[in-house]
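**Q** Before I ask anything, here is the structure I am working with.
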Amino acid sequence: MSNALKQVFNKDRTFRPKRKFEPGTQRFELHKRAQASLNAGLDLKLAVQLPSGEEQNDWVAVHVVDFFNRINLIYGTISDYCTEQSCPIMSGGPKYEYRWQDEHKYRKPTALSAPQYMNLLMDWIEVQINNEDIFPTNVGTPFPKNFLQVVKKILSRLFRVFVHVYIHHFDRITQMGSEAHVNTCYKHFYYFVKEFNLIDTKELEPLKEMTSRMCH
């Protein structure tokens, strides 16, 4: 593994604590199965498909947490270069600006700098995935009726991290030699959201050209 890739995986560079799966739980076993498929070099399009006999919500929950951890890590590697000065607006090029909205401080869509947006986003996702009412960890506890609705919002917002990183900070990713890792993570994410129809097509628009070249 190159030094640059070690930097990507360096625990000190993690943007915030990782959400882990408890050993012995069904979710932990699913997580291991998903990881094994990736480690075996299985085609990513096949790797995202629901294993027979498994519940879709369990499979989706495992991947949402995993994508959160991975994308968090990717942003962590460039966060020193994503500042109030370099990125005063959370955007994906001149055509796309992302405004933050939540149920607390920002009730109306609000223009923020990219680092502010990222901090709020990661905090918000962390609250969702650690909420037992939304992401139950006990086997047999049902998922809420609005589970997929929450998941779609989480994944749409995580996609915006890819948009910002690819459009504004990809030179840094390339300098670190992490391009292949980030591209693989993106392809995995893209195939997954397409497989289960978890992101609106219009949300994917900013990276459409790159995606058509990368994900056949």
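Cβ from N, Cα, C; glycine included.
What TrEMBL records for CYS82, CYS87, HIS164, HIS169 is Zn(2+) binding site.
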**Q** Please list, in sequence order, every residue of the chain apart from CYS82, CYS87, HIS164, HIS169 whose Cβ lies within 8 Å of the Cβ centroid of the Zn(2+) site.
**A** ILE78, TYR81, SER86, ALA114, PRO115, MET118, VAL165, HIS168
**Q** Among all the protein chains here, how many other CB atoms are within 10 A of the CB of CYS87 (Zn(2+) binding site)?
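**A** There are 19 of them.
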**Q** Which one of these binding-site residues, HIS164, HIS169, has the sparsest Cβ neighbourhood, judged by other Cβ atoms within 10 angstroms?
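**A** Comparing Cβ neighbours within 10 Å for the binding-site residues HIS164, HIS169, HIS169 has the fewest.
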